[in-house]
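Marked as region 'Disordered' by TrEMBL: 20-45. What TrEMBL records for 35-45 is compositional bias 'Low complexity'. What TrEMBL records for S88, Y150 is site 'Part of a proton relay during catalysis'. Residues or ranges marked as pyruvate binding site by TrEMBL: T89, I244. Annotated active site, proton donor/acceptor per TrEMBL: Y176, in sequence order. Taken from TrEMBL, the feature active site, schiff-base intermediate with substrate applies to K204.
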Amino acid sequence: MSDGTCQGLGHQWVARASDDGSFPSVDSRKEACVPQPSIPSSSSPDFSGLWIPLVTPFQGGAVDHAALSALTRRLAGDGVAGFVVCGSTGEAAALDETEQLAALDTVQAAAAGLPIVMGLSGYHLGKTTAWVRRLAEWPLAGLLVPAPHYIRPSQAGLLEWFRAIADASAAPVLVYDIPYRTGATLTRETLLALAEHPRIRGIKDCGGDMAKTRAVIADGRLQVLSGEDHQIFGTVAEGGVGAIAASGHVQTRHFVQVLRLLAENRLAEARAEWQPLQPLIEMLFAEPNPGPLKALLANGGSMRDELRSPMTRASDALRERLVALDARLSRP
């Protein structure tokens, strides 16, 4: 048997040809390809634009794969840059490993070739790196990796954590800086030290420190994506490349247009497109995410208004306000 290659985003798959010289299809990659970590080039990957951290629809307590597929296809058609699967918006903490991988397969099949980033979290380094190595079976554009939650390690410990995960990964790593969820703050110095690792390629910025954000942007080695929806305009106007924004599930084309206009330095037009979206963002986060977002998506028929405990549905009052605002924003 001879060797061939099939390219994934951010890494390389080595495939074995059959005796007749043919190579396996992409659909059979998990059985036919062995992931081989490679160092991403300076020109790739590209994390610019609007990335959607997908909600996970449920029906009767189980993942609703038909609804997830339809949602993914609709968002792909609306011009998003890519998807994040199994982030906090996707209620990943309430999904077991089998459910997470099934959700990933569903999104990959429906994403029309758009890149996919997989979220992960934990605080047991051995288990986390084992999961990272298992995820090498999928052609991911990246992994979205927060600090280990609850245990609040030192900056030296955080450096070890992210470097070990990046060493184990076949895909590029996006550092997820979100101290209000993890309890751990990544300093500017730590982020710049992490930028030296060839697989650590960007940051989802929820750090709440604009001076730190500017320093990382100015350094230029990490692509900066806004992770706080209300800070999209400011972060990208300052030089960030895009956003991972839950709000972009709705009024998607408007969010895409804001980022496109900012990339083209058309600030006045971008501002005019952005300002009507701010009340929507505020309302979508008025109660714990993704409750309000799922309520609005359910009202439009995309899925059932169902979450897994301990997450709860949005209040009736907030849902009514969201539906009315979304209707106003949807008028020509």
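A Cβ is built for glycine as well, from the same backbone N, Cα and C atoms used for every other residue.
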Q | Rounded Cα-Cα span from Y150 (site 'Part of a proton relay during catalysis') to T89 (pyruvate binding site), Å | A | 19
Q. Rounded to an integer, what is the Cα-Cα distance in Å between K204 (active site, schiff-base intermediate with substrate) and I244 (pyruvate binding site)?
A. 7
Q. What's the CA-CA gap between S88 (site 'Part of a proton relay during catalysis') and the residue listed as 'active site, proton donor/acceptor' in angstrom, rounded?
A. 11
(Q) What whole-number Å value do you get for the CA-CA distance of I244 (pyruvate binding site) and Y176 (active site, proton donor/acceptor)? (A) 11
Q. How big is the gap, in Å, between the Cα of Y150 (site 'Part of a proton relay during catalysis') and that of the residue listed as 'active site, proton donor/acceptor', rounded to a whole number?
A. 15
Q | Where K204 (active site, schiff-base intermediate with substrate) sits in the secondary structure, as DSSP reduces it to three classes | A | strand
Q. Out of Y150, Y176, which has the highest number of nearby Cβ atoms, where nearby means within 10 Å of its Cβ, if these are the recorded positions?
A. Y176
